[in-house]
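Taken from Swiss-Prot as is:
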- Glu302, Glu329, His346, His445: Mn(2+) binding site (BINDING)
Amino acid sequence: MIDLKQYEFWFLVGSQYLYGLETLKKVEQQASKIVDSLNDDPIFPSKIVLKPVLKSSSEITEIFEKANADPKCAGVIVWMHTFSPSKMWIRGLSINKKPLLHLHTQYNREIPWDTIDMDYMNLNQSAHGDREHGFIHARMRLPRKVVVGHWEEKEVREKIAKWMRVACAIQDGRMGQIVRFGDNMREVASTEGDKVEAQIKLGWSINTWGVGELAERVKAVPEREVEELLKEYREKYIMPEDEYSLKAIREQAKIEIALREFLKEKNAVGFTTTFEDLHDLPQLPGLAVQRLMEEGYGFGAEGDWKAAGLVRAIKVMGTSLPGGTSFMEDYTYHLTPGNELVLGAHMLEVCPTIAKEKPRIEVHPLSIGGKADPARLVFDGQEGPAVNASIVDMGNRFRLVVNKVLSVPIERKMPKLPTARVLWKPLPDFKRATTAWILAGGSHHTAFSTAIDVEYLIDWAEALEIEYVVIDENLDLEDFKKELRWNELYWGLLKR
């Protein structure tokens, strides 16, 4: 469902006519070699497209106009090979709507000590050209990612590739919508939010459809489509064959087919459900939701559209990377002193992309929702480094709360727990991490990912100009409290 190859990134090289045709030709040749080399590296998720060297204000403005109008262009990378006076860039940068990365590099890795002359100095001027360019970004208060180092370095390429994945997620969010079936769970605060502001800042179009419309589609699903889907279930999962289980699984298959059809019609990238509004649905969607998340859709339970959008964004960022991403909830604690852990789960809806084993389809009673016993996938989660992230609406801005965690083995069986689960240790430790999370107002609903790291989420928040706070191994609680207070002042004063 998610294809990052559909996007491209425009590589913009700055110079000026002052240098003459011979120097400008060398600039173009060297830029072409850089871009060709980058495109040969499989680390990059999308194609990088070199545009003609930019030498005047009109050329710069025109290229940004074209980038804004091209839905394939997910972002722009700028590099000043020579000195490119930044007043020429003001009009173009002022209209730019695409995520921007400023690459501060140089064609040659080393100074040619024996042969360096003024021709070389005249050509290789990014050392001061990019400083000039950095000033105009700072002066205009523009969001951007800055990557410094030689373009052949692994670390440089890794940072560019991460940012590209983030930019793809931003473009994806601007092109699709989040479908809400029903409203938020009654009386819950943290799942609420300003949907208009979300579309302005995050690009997400969030709209509601009646559950009855989905229920009618479920009733109309042809039996042959159900049988085809059951074959797929048997291949991918450990599936029971008793009559009680099969009846429930068939109902989830119908819900999955109807949901997928509906989401495709609406060009949706994510969706929400709520157990308080199920109308004529036979079950609370469980297996169906897990399967659609596995395809790449974002999801939020109990109407949590912010969680749905964040899960989708991270799924785009992590496309084709090892690991997975899921809707998650901090459910219960293991509080042995010195080994405090969080058990993450939800009633039904945990994505199998984070499973460490072949998932089992199980059918169990669920009193919440008042419907028939729902089928769901049950498994233990993957182990290793992960992130837990939440978006909350602070009234005058969105805040992204991010916690680095370590997913650990589940060493004891839980034979009576009928839901997928993952066990993690928050960093730096349970008490400090949880204190910081609560101080920041982080939600009980999160996006949990073993596919990405914190840098992706920082890049995402900075590109979208929303607040973020990070809870990791370097946490100092007193400094964190100060950061929250300073942020309150900064975002209160900011008028953008």
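Every residue, even glycine, has its Cβ placed from backbone N, Cα and C.
Features recorded in Swiss-Prot, as mapped to the structure shown.
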residue: Glu302; record: Mn(2+) binding site; DSSP (3 states): helix
residue: Glu329; record: Mn(2+) binding site; DSSP (3 states): strand
residue: His346; record: Mn(2+) binding site; DSSP (3 states): coil
residue: His445; record: Mn(2+) binding site; DSSP (3 states): strand
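Listed in sequence order, Ser190, Thr191, Gly300, Ala301, Glu302, Asp304, Lys306, Ala307, Phe327, Met328, Glu329, Ser390 are the same-chain residues at least 6 apart in sequence whose CB falls under 8 Å from the CB of His445 (Mn(2+) binding site). Taking the mean position of the Cβ atoms of Glu302, Glu329, His346, His445 as the Mn(2+) site, the remaining same-chain residues with a Cβ inside 8 Å of that point are Gly300, Ala301, Asp304, Ala307, Phe327, Met328, Met347, Glu349, His444. Sequence-distant contacts of His346 (Mn(2+) binding site), defined by Cβ-Cβ distance under 8 angstroms and a gap of at least six in the same chain, are Ala301, Phe327, Met328, Glu329, Tyr331, Thr419, Ala420. The Cβ neighbour count for Glu329 (Mn(2+) binding site), using a 10 Å radius and every protein chain shown, is 21. The Cβ neighbour count for Glu302 (Mn(2+) binding site), using a 10 Å radius over every protein chain in view, is 23.
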